[in-house]
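Pulled from Swiss-Prot, these are the listed features:
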type	residues	note
ACT_SITE	66	active site, proton acceptor
BINDING	62, 64, 139, 209	Zn(2+) 1 binding site
BINDING	66, 67, 209, 268	Zn(2+) 2 binding site
């Protein structure tokens, strides 16, 4: 899987960072999924190779505006771009009427079916290649993380089973390799039953706002990538006297180290952290604080940067 960050700022945008939105891209590169949709997300998409027609589903972690205010505009643009296939949006139930009323009040017609599903009732959402589940987090309002797990990644024919069942090599194998149903000796054979993954499935967790990283203990162990907010550093919290429902870089890093997370991606940075080395506090203070507690592969997400999770298990920036 790949990750492409469309917004990494907390609360408000900055000149360098937009508010929260993250694209999760299938290993095939054909389709993608959007986690959160802060204001301006559709404009950020124009600076990427992602097409809104290839968007499989949208997942909203919680109700705060920096995570959802871009949704009506994105949906309207999807309609104007010619999208016709249905689109499922998994989001807090309280936002359903807000989305629908916004579209109606603005006289927006969608030429595709919009399916709004309550995140509170989500057990598992599935496509042909991914399963998505949730983990409950802690914030000032209900918030969740989304766990993306591959289904049968890079499938190959189960030759041992084919030979054992006496299915001859040739055109039948070619059809089964495509996942098609074929007839052999009067029996119907489902191609998917004869495919097996050629590598272990990847698991990526993309979190909403959260002030208790330990809530991720059950799902983070063994995960390939954890994407988690690091809104503040400890120094800021000590000065302001509270986290306001957010985590510090140190808290997340300590948790990731204890859980054995191989790739930790920090995002959702307070607007106070600067990219300009001449200004303070600099974003490197977030990195330095995390590195003091975490020995794995650490990434500070950057807007419009794409990251690839390779077969070696490492998440690295793509060219």
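Placement of Cβ uses the backbone N, Cα and C atoms for every residue, glycine included.
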Once the chains shown are all counted, how many other Cβ atoms turn up within 10 Å of the Cβ of residue 139 (Zn(2+) 1 binding site)?
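That number is 21.
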Cα of residue 139 (Zn(2+) 1 binding site) to Cα of residue 268 (Zn(2+) 2 binding site): how many Å, rounded?
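Given the Cα positions, residue 139 (Zn(2+) 1 binding site) is 14 Å from residue 268 (Zn(2+) 2 binding site).
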Out of 66, 209, which of these recorded positions shows the lowest number of other CB atoms within 10 Å of its CB?
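Candidates: the recorded positions 66, 209. Fewest Cβ atoms within 10 Å: 66.
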How many whole Å apart are the CA atoms of the residue listed as 'active site, proton acceptor' and residue 268 (Zn(2+) 2 binding site)?
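Here the two Cα atoms lie 10 Å apart.
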Expressed to the nearest Å, what is the distance separating residue 62 (Zn(2+) 1 binding site) and residue 268 (Zn(2+) 2 binding site) at their Cα atoms?
14
Between residue 64 (Zn(2+) 1 binding site) and residue 268 (Zn(2+) 2 binding site), how many Å separate their Cα atoms?
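So the alpha carbons of residue 64 (Zn(2+) 1 binding site) and residue 268 (Zn(2+) 2 binding site) sit roughly 13 Å from each other.
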Just to verify a number: CA distance, residue 67 (Zn(2+) 2 binding site) to residue 209 (Zn(2+) 1 binding site), in angstrom, no decimals.
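Here the two Cα atoms are 9 Å apart.
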How many Å separate the Cα atoms of residue 209 (Zn(2+) 1 binding site) and residue 268 (Zn(2+) 2 binding site)?
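Between the Cα atoms of residue 209 (Zn(2+) 1 binding site) and residue 268 (Zn(2+) 2 binding site), the distance comes to 8 Å.
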Of 62, 268, the binding-site residues given in the record, which has the fewest other CB atoms within 10 A of its CB?
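It is 62 that, of the binding-site residues 62, 268, has the fewest other Cβ atoms within 10 Å.
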Take the Cβ of residue 67 (Zn(2+) 2 binding site) and count every other Cβ within 10 Å, whichever protein chain it belongs to.
25
